[in-house]
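Data block below; observations after.
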Amino acid sequence: MNVRRTPVAIFLTAILALGFSLGSIAATSSAQASAPSASVGQLGLHTAYTVLYKSGSTGLGVRKIQARLKERGIYTGRVTGTYGSKTTGSVKVFQRNQRLAITGKVNQRTLDRLRSKTSTPTDAALYNLDRRCLTGRVLCVDKTDRRMRYVRGGKIVKAMDARFGCKSNPSRMGAFKVFKKSRNHVSSIYHTPMPYAMFFSGGQAVHYSADFAARGYDGCSHGCVNVRKKAAIAWVFDQIRIGDRVVVYRS
């Protein structure tokens, strides 16, 4: 038997179908909207346990970790910026003391705990500065890492590679004062250019070396502290005054 549907019945059927469809869409959207909340939690957990530093890592971040561990009395020796077995062992000790997972690797949780237990490392702590370098204007020369740092008020203003005397004429170690400056100096003994020379001990001076710039550490000096970055030493030359200190040491 054929049943004729009135216009009113057709209209009501359409409305019901539309309502069902909208309800389904709303339910799907609601489910999708609630899903990210779990993902955000998982993301935070993942971030907390992601390894940031481990054996083989290098750089300033590692220096900061070593300096902070040193402040705690756990890490000993030089701050190197290289994450090796010594750093791994020190991190394990810290993690054990703080009841963290003992991995020897630094994740965000370990780093946050270490930061909360220590102070912000100073330049002196990060770069093994000699205590005599911490006041006034100083040319702080570290023969161990072969770097010269211009330090003012305990803060490193500029740092550069340095080369030293040969075994037969070693660069003298100790605390000295600049007693002479010569912008375009030429050695009276070896007749070689010594631009931006700052004399601190007899004939020994800090100066630019074209040989150092060309050959690097394959060569050595007659006792002077060589610098190979001309623009850097020229700038430092203009900052240093007669009487400023030069500290040559091993860290």
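Glycine residues also receive a Cβ, built from the backbone N, Cα and C atoms like all the rest.
Caution: TrEMBL annotation is automatic and unverified by curators.
Per TrEMBL, active site, proton donor/acceptor is recorded for His207. In the three-state DSSP assignment, the secondary structure recorded for His207 (active site, proton donor/acceptor) is strand. Within 10 Å of the C-beta atom of His207 (active site, proton donor/acceptor) sit 23 other C-beta atoms, taking all shown protein chains into account.
In the three-state DSSP assignment, the secondary structure recorded for Cys224 (active site, nucleophile) is coil. Taken from TrEMBL, the feature active site, nucleophile covers Cys224.
Per-residue pLDDT, averaged across the domain 'L,D-TPase catalytic' (137-249), gives 97. The feature domain 'L,D-TPase catalytic' is assigned by TrEMBL to 137-249.
Taken from TrEMBL, the feature signal peptide applies to 1-26.
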All-chain count of other Cβ atoms within 10 Å of Cys224 (active site, nucleophile): 25
Whole-number Å value for how far Cys224 (active site, nucleophile) lies from His207 (active site, proton donor/acceptor) (Cα to Cα): 7
